[in-house]
Structure formats: structure tokens, C-alpha cells
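*Asks:* Structure incoming, see below.
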Amino acid sequence: MTKQGSMVSKVRIPQRYVTVLLTFVCTCVCYIERVGFSVAYTAAANQAGIGEAVKGQILSTFFYGYALSQVPGGWAAQRFGGRRVLLMSFVLWSFTSALTPTEAASVTGMVVARLLVGVAQGFIFPSIHTVLAQWVPPHERSRSVSLTTSGMYFGAAAGMWFLPGLVAMQGPKAVFRAEALMGVSWALLWLKYSCDPPRSELPKASAAGFGASTAFERAKLLHHPIQIADEPGEIAKPQKKKPPGGIPWKRILLSMPVWAIVVNNFTFHYALYVLMNWLPTYFEKGLNVSLHNMGLSKMLPYLVMFIFSNVGGVVADHFVTARIFSVTNTRKLLNTIGFATAAIALMVMPTLRSAPSAVICSSVALGSCALSRAGFAVNHLDIAPKYAGIVMGVSNTAGTLAGIVGVAATGRILEASDLGPSDPSSWFLVFATPALLSVVSALFFVVFATGERIFD
């Protein structure tokens, strides 16, 4: 065998694919944790007779910590490298989850624990976007980001499948320990199989080398020395080193395309967090159906999200690479279809008072929201690949605020009703709010979004 043939035989899975797969598992584990707390705490709170308003406050505490660390998370990932920050975040939230108190009446302990978990997890998505901006070439952006974020929905589906049974058999504490074990296990996998991009001496500078790994791998096989290329797959000529510039905070915060992402991120997470945190209550108190007895149907909404998130990514990349639509029109088209369909499903949902119809409507609503992520959620990498973590931190702060507002407001809406969660009119208001936001956000994105790079 020749030397070149020997080198080819050693090339297995490209590192960028390993990285995307690991970030998929990362988001999966994170959302098992979030769904797990909602399921475990709801069961404990119901047994202790905790009111809906207090329940809403506890469930929303996570988002206060999550909001506080989004922009710092983007800065830290830019400064120290997304790989290191992501590892630190997982270790911190895993140990905090293991120490979460199980008594629903222990409000102070529960608030502190959820606040700390929120702060730790707030570093995750800005770090992921920084890592993906370093490794993934432009023609693979949509499906790579879609696969990574679809882990959220796969994790939520898995959590809804097995965690209610775990709570019923062994109690809430078993859920917290299982989540902590999964978090530590992922951290060990990340430590072993992840790495920084090649030829990146400083993590804070490597975000500019978007997709450089493709060029690195190709040049390695051809025995060519390389410089990091501006586009994946091309071998760049040696260039003069440019002095690093600061983060253009003012331009980012005043950019309407950035605000188009921010507004849609807010709406997406408002719908997601309200449904994720309150669907257990809707089924058990609004429809008088036990989650434990619903079987696999309770995980269907999140499985549909998983499927449509990846379908949206593949379709978007096909539209762009086949030149069917421009990047801008592709993002706007999928974003509009997703949010418009979600709005219809959310309006219909409270009018059909049965468990099967609720499963179908919530599946359509969440699946359509997942499809919209091929629009706004990938747009960070389109307009600002070098500052993807920063822009993600800004937009995800808005998404986190949606969780704070939506989850807490839902508790107050239900508490204010004379019949509580069993009142159909209160649930109509709960679901109509994200429906209206979906329409407004889709229109805002059509007017102000772009698929062109605007930050160099």
C-alpha cells in the first residue's frame, strides 16, 4: 500500500461530523433535564398541594439564570473557545442537578438550584454556535444546525417517555440523579472526542476560520501545507496576518437583521417553553388524563419537532445549493410557513377538549415551530459567522426572557380563573398568546431579515 493510500485508510469520520453529532447529544441531554424537572416537580407539587402561581414561579426560575448568562456565554466562548466553555457548563449544571432538593415545599432551595442550573446552561448554545461556526462549511450550515438543535426535541421526547414512569416508581430524586449522570457522561465524551479546529492557536481568533477543517483534511491527504481558507474546501494562499478587531457591539445591537432573529427567537421559545412546562398540567388537570397512562403518545409532539427540524435543514440546504432560492428567500419562506402553521394549530388546540386532539395540535404547533428554525435559527451563521456565538447570546437572551414571561404568566392566568386549570377559557388565552406572537414574528422576519453576511 502506498503512503498516500495508507493515509486515506486512516481517515475515518471527519471531525466536523463528530462535532455535530456530539452537539446533538448535548442538546438532547439538556432537554431531558428540562423536561425532567418539569415532570418531577409537577408530581411533587401536586402531592404537596402547591398552587399554580407558585408552580409557575418555580418553573420560570431557571430562565432568570439562563437569561443572565447568555451574552456572557457568547463572550466567553469567543474569548476562551466554545469547546472549553461547553465542557465547563455541563460539569456545573450536572452537579447542581444532583443536589436539587426534592421537597416541593422547599421553595428557597428549589429556587437556588434552578437558578444555578439556568446560569450554567446559559453558556451552552452560544458555545455550540461558536463551535459550529468554526467547523461547519456554509453549504452544510442548515442541516448541521438543524440536527444539533433537533437534539432538544429528541431529548424532550425521550424525557416525556420514560421520566413520568421513573417518578412514579422511584420519586423525583431519581430523576435528578439520572439527569446528572447523563450530563457527566456527555462531558466525558466531549473531553475525549472533541477538539479545537486545526491551525487555531487562539480560540478567540478561530471563529473567523469558518469551515477551515474541510480544507485542512483535504490538504492533509494531498500532502499540501495550508492556510485557513475563507470558504470550505479551498486551499488559501498565504495572507498577511490581520490585527484582531473588537466585537462590534453597537452594530450588532442596532442591526435590524439581528433584531429579526431576536424577535423570532423570543416567539419560538415562548411557544416551546409554555408547552413544555405546562402540557403536563394541561393533560392532567385540563383534560383529566394521567401522563403515566398516556403511553408513547405523550412524546409525539417532541418527536415531530425532531423530524421537522431536520427536514427543514435538509430542505433549506437543497434550496440554497440547487439555487432554487437565494439564502435570504429560503430563510424567509421556511420561517413564514413554520410560524403561520403553528399559529393555526395553537388557536385550534383549546377548542378540541380531548387528549388525542391535544396531542395532534401540540405536535403540529411544535413541529411547525421546529421547521421555522431553518429560517431564523440558522441566520446567525449567515449574517455573522465570526460573531455567531455573540449574536446567538443576544437572541437567546430574548428567548430566555420569553420563558420567564410565558411560564410565569401562564401560572397566573390559570390561578386567576375560578375553575383553575380545568377552565377551558383560561387555556384559550394561554395558547392564543403564542399564536398571535407567531404571526407578528413571521411578518417582522419577512420585512427585516437577510441571508447575506453583514458582519466581517
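Keep in mind that glycine also has a Cβ here, set from the backbone N, Cα and C atoms.
TrEMBL: automatically predicted annotations, no manual curation.
Annotations for this protein, taken from TrEMBL, read as follows:
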type	residues	note
DOMAIN	19-450	domain 'Major facilitator superfamily (MFS) profile'
TRANSMEM	85-105	transmembrane segment
TRANSMEM	144-162	transmembrane segment
TRANSMEM	258-279	transmembrane segment
TRANSMEM	299-320	transmembrane segment
TRANSMEM	332-349	transmembrane segment
TRANSMEM	355-376	transmembrane segment
TRANSMEM	388-414	transmembrane segment
TRANSMEM	426-449	transmembrane segment
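So where do these features actually land, and what's packed around them?
*Replies:* Long-range contacts of the transmembrane segment (299-320) within its own chain (CB-CB distance under 8 A, at least 6 residues past either end) are made by residues 139-147, 149-150, 152-158, 160-161, 275, 279, 326-327, 330-331, 333-334, 338, 359, 362-375, 378.
When Cβ-Cβ distances below 8 Å are used as the criterion, the transmembrane segment (355-376) is approached by residues 142, 145-146, 149-150, 153, 260-261, 264-265, 268, 271-272, 275, 279, 282-283, 287, 289, 294, 297-298, 300-302, 304-309, 311-313, 315-316, 330-342, 345-346, 348-349, 438, 442, 445, 449 of the same chain, each at least six residues removed from its ends.
Same-chain neighbours of the transmembrane segment (426-449): 256-257, 259-261, 263-264, 266-268, 270-271, 274, 278, 282, 286, 328, 331-332, 335-336, 338-340, 342-344, 346-347, 349-351, 369, 372, 375-376, 379, 406, 409-410, 413-414, 416-417, 419-420, counting only residues six or more beyond its ends whose CB sits under 8 Å from a CB of the stretch.
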*Asks:* Does the chain bring the transmembrane segment (332-349) near the transmembrane segment (388-414), so that three or more CB pairs sit under 8 Å (pairs 6 or more apart in sequence)?
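*Replies:* Answer no, regions not in contact.
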*Asks:* Could you give the residue numbers and ranges of same-chain residues that sit at least 6 residues beyond the transmembrane segment (85-105) on either side and whose C-beta is under 8 angstroms from one of its C-beta atoms?
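*Replies:* Same-chain residues near the transmembrane segment (85-105) but 6 or more away: 26, 29, 33, 37, 40-41, 44-45, 47-48, 50, 73, 76-77, 113-114, 116-117, 120-124, 127-128, 131, 171-173, 176-177, 179-184, 186-187, 190-191.
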